[in-house]
Amino acid sequence: MAIPSANGRKIQGGLEDVVNGGEEDEMGFDPSAPPPFRVAEIRAAIPKHCWVKNSWRSLAYVLRDILVISSLVAIAIYLKNITWVFWPLYWVAQGTMFWALFVLGHDCGHGSFSNSSRLNNIIGHLLHSSILVPYHGWRISHRTHHQNHGHVENDESWVPIPEKTYKTLDAKTKFFRFKIPFPMFAYPLYLLKRSPGKSGSHFNPYSDLFSPDERHYIVTSTICWGVMVVLLFYLANLVGPLLLFNLYGIPYLIFVAWLDIVTYLHHHGYEQKLPWYRGKEWSYLRGGLTTVDRDYGLLNNIHHDIGTHVIHHLFPQIPHYHLIEATKAAKPVLGKYYREPQKSGLIPVHLINNLTRSIQQDHFVSDVGDIVYYQTDNDMTGKKRH
């Protein structure tokens, strides 16, 4: 029997459907309320040309990024014996460009790079293997993320940990998951063994991530990844491990940090708590509407507008160079379900607070309820329970 709760929600079997943390904004808007529109209405509002993929334009972005990366390497080799002041600037710039390469490979995985699956897979393998990402393994797990976004159990990227699972984590796992800067370097570990509470590897064709007819894709990508590792060992022997570490190793770590920060902030750290769903309350639309757009200032163009994320999550087929226009067209339909990103200066330092606050407070979600919100482990924060 369902009875009304204090906030008007129904309680099923004595447990409130919305568990711990549902918030309305100052205008009384509840982000967990079912939206009064459908995916088809959003799609209809987006201009038809926004769906058009231009292979040559996509390849031009690849060429642009490769030219920048090559130029940075050439400058670094020229200056390597002149001044160490240059190196920190190089590490940040090159790591940022590695992240830009990842985003273009990400577009290949979605099929938004071109209409040719062969071209998508060739470019995707070249770009992702160069930065030690197994292209097909990641592509398939990322597809799972998009198909199940906002679902507590079925989502794949930065999923909330159910309370029962959270209580089984040892102190070391909690420390590395919730103490900055360690979560910002979690991506390689995720590729190897996924998130806490999930099993499998992006390199193993027999992983739970993949169906039997996808195993040959994983073999191909793992071989490409292995070729890149061999190439790096060869280059280390050719130019010396220290120079290669400066040219590639540290930028790789910067890239990993970018990837973890950006993907985390797509789904966490908004000023108002946002819901996660399970069971009958989840839908593709409601899950997609929990994603968050972010403004990265000067870096928006460098990152191929990956911060324009809500429309991307609902319609990953749209090329990145049409996302801003598509979002502008869709906003009248989305209404309050679209959250305007906070405007950034040249450098998005404003996001540091969103990131640190969320990691310090968003620890687990309840095991019960079809609409849940993050809860805080007071033992982790040092706050006493009242």
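Placement of Cβ uses the backbone N, Cα and C atoms for every residue, glycine included.
From a predicted model like this one, the values you see are computed outputs, not experimental measurements.
Straight from TrEMBL, the features:
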- 18-74: domain 'Fatty acid desaturase N-terminal' (DOMAIN)
- 61-79: transmembrane segment (TRANSMEM)
- 83-339: domain 'Fatty acid desaturase' (DOMAIN)
- 85-104: transmembrane segment (TRANSMEM)
- 217-236: transmembrane segment (TRANSMEM)
- 242-265: transmembrane segment (TRANSMEM)
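Contact between the transmembrane segment (61-79) and the transmembrane segment (217-236) is not supported, since fewer than 3 Cβ pairs fall under 8 Å when only residues 6 or more apart in sequence are counted. Averaged over the domain 'Fatty acid desaturase N-terminal' (18-74), the predicted model has a pLDDT of 90.
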